[in-house]
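**Student:** Residues or ranges marked as divalent metal cation binding site in TrEMBL: 134, 165, 191, 239. Here TrEMBL flags 421-565 as domain 'VOC'. Summarising the annotation, TrEMBL assigns Mg(2+) binding site to 424, 497, 574.
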Ligand SMILES: O=C(O)c1ccc(O)c(O)c1
Ligand SMILES: [Mg+2]
């Protein structure tokens, strides 16, 4: 299937946008009128550029306030249409999108609308062009796809058909099953956009919050399938108005956009249009790699020892230490180049894949950035790709012989402090990368959303999304500031963190205390509120308070959390005990934890 993208999805000059669309592998573009008007290039040179880039111009849009115009205004509409059709001839475009009228003086009369569109279609037909009529969800009189179809049907003109836009249909909750019975040749264009489910004015929702397919909460797969079932054969075209994408690097956005279409297409027509290698089952996080520098390395080593870890292995060729306890494996990498812009101290993690090569193949099909292999003779062949924030993601099998053999045993064994494994990773995302990251984890790794939240942290609103594999063996919590941080917020980035599972938080807490590690100081106000909300048994209250732990519960069980200090300003470790199958992440506690870490840092600054 051909793929296309509207220039309005991307940032920069029109040339920047065209270059990015071509580089990401799109076949065509929709030229958004404002982008052309603002461009200093002539239509002829835009045409030449798209041709040189191998792009077709699949649509020129939008043409506004055409149908239902009062008769005395319609002559001006015709004049404007002639001008735009002439412009399209210069561009080499043959289809123009007419969106349903919003002007207050629009007349709500289907017969008039059909007659006027017929007149405009005559003008298009004279030039061998076509008009695709789209119902905007907020159109003055025409706001549903079936109403637009009724008018197109009435007009009965061969150069007039429909443009279907998933957002306008799905945002209104319209029934779209009937699309299957529209003759395929009358659907001239298909625009795809997803969006988060928000209860807000539909125009604002559309103009600011659209997302690429599979990034939001609308059922793009079912909608697109219905349009294909009708016999539509044109391109799958993305039309996304999004405040963040409008100011992000267009090359990255275009790749993100293509990834969304590749993933969407793999689920259409039973996979006939672009089968993807299925995501192999994941079996846990094999290891997490922390980048350390000369000042944070000893601090992190002391902390790991306090937590009962032992330095069990030393890499054969690199300045990388392996620390282990139970199934928790942490690499401290002192020799790596500083991680990519925006990524933090968790520089890599390895996923235990039942079929690492297949995981890597799928990642490549979904345009994940491959990383050079870190291989030397006799070392395990690790396949890795970069997540959107630069974090390296490895696909490994730990047994029978794998990455673990690259480490020479030191002979040390872990003293143990209850740690059983890695519970989850919390990866703070750069502001521009959040939706891209969610799509990456969903599609490349075949993970599913687990829990989403939004809370007021001390320095601004933070949005979180936990993603997990179907077997709940790999959990990743993404977070991002809702707005780009202002000048008042501390300059240090939001820290990443690694969450370890313990079989008994009291044992781990005692080990930390014995080693002189002060956990993040949880305020008394927090415990008073816990008591007011949950009326916990006295013994549990006492325990939480004495451990300095935080608490959450769901319908299944309980969650006890403890936080180490932030090391090097970039990363901390959380220790959690899940009791009776609690499934959440304690997100509601995050603001208090953030404030506690800040209080701890300020106190330390005063002491130092
Ligand atoms: O927001 C708009 O005005 C607008 C314009 C053209 C479209 O195709 C669309 O879906 C929305
Ligand atoms: Mg549209």
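Glycine is no exception: its Cβ is also placed from the backbone N, Cα and C atoms.
Any TrEMBL annotation is an automated prediction that lacks curation.
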**Student:** Name the one residue among 134, 165, 191, 239 whose Cα is closest in three-dimensional space to that of residue 424 (Mg(2+) binding site); these are the binding-site residues.
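**Tutor:** The smallest Cα gap between residue 424 (Mg(2+) binding site) and any of the binding-site residues is with 239.
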**Student:** Given the binding-site residues 134, 165, 191, 239, state which is nearest to residue 497 (Mg(2+) binding site) when distance is taken between Cα atoms.
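**Tutor:** Considering only the listed binding-site residues, the nearest one is 239.
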**Student:** Check each residue in the chain of residue 574 (Mg(2+) binding site) that is at least six apart in sequence and keep those whose C-beta is under 8 Å from its C-beta; list them in sequence order.
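**Tutor:** Expected: 423, 426, 497, 498, 499, 500, 561, 562, 563, 564.
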**Student:** Under 6 Å from ligand 1 by Cβ, which binding-site residues from 165, 424, 497, 574?
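**Tutor:** Within range of ligand 1: 165.
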**Student:** Within 10 Å of the Cβ of residue 497 (Mg(2+) binding site), how many other Cβ atoms can be counted across all chains shown?
**Tutor:** 26
**Student:** Does anything in the same chain, at least 6 positions from residue 191 (divalent metal cation binding site), have a Cβ under 8 Å from its Cβ, and if so what?
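**Tutor:** Expected: 6, 30, 134, 163, 164, 165, 166, 167, 237, 238, 239.
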**Student:** Taking the mean position of the Cβ atoms of 424, 497, 574 as the Mg(2+) site, which residues outside that list, in the same chain, have a Cβ no more than 8 Å away, listed in sequence order?
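**Tutor:** Counting only non-site residues, the set is 423, 425, 426, 477, 498, 499, 500, 573, 576.
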**Student:** If the divalent metal cation site is taken as the center of the Cβ atoms of 134, 165, 191, 239, which further residues of that chain fall within 8 Å of it by their Cβ?
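**Tutor:** Filtered neighbour residues, in order: 97, 163, 164, 166, 167, 168, 189, 190, 192, 193, 237.
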**Student:** Please check the binding-site residues 165, 191, 239, 574 against ligand 2 and give me the ones with CB under 6 A, sequence order.
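**Tutor:** Once distances to ligand 2 are taken from each Cβ, 165, 191, 239 fall under 6 Å.
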**Student:** Starting from the Cβ of residue 134 (divalent metal cation binding site), draw a 10 Å sphere and report how many other Cβ atoms land inside it.
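**Tutor:** Summing over all protein chains shown, residue 134 (divalent metal cation binding site) has 24 other Cβ atoms within 10 Å.
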**Student:** I'd like the number of other C-beta atoms within 10 A of the C-beta of residue 424 (Mg(2+) binding site), please.
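**Tutor:** There are 22 of them.
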**Student:** Count up the helix, strand and coil residues in the domain 'VOC' (421-565) according to DSSP, in that order.
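**Tutor:** The breakdown for the domain 'VOC' (421-565) reads 44 helix, 51 strand, 50 coil.
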**Student:** Which number gives the other C-beta atoms within 10 angstroms of the C-beta of residue 165 (divalent metal cation binding site), all protein chains shown included?
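**Tutor:** That number is 26.
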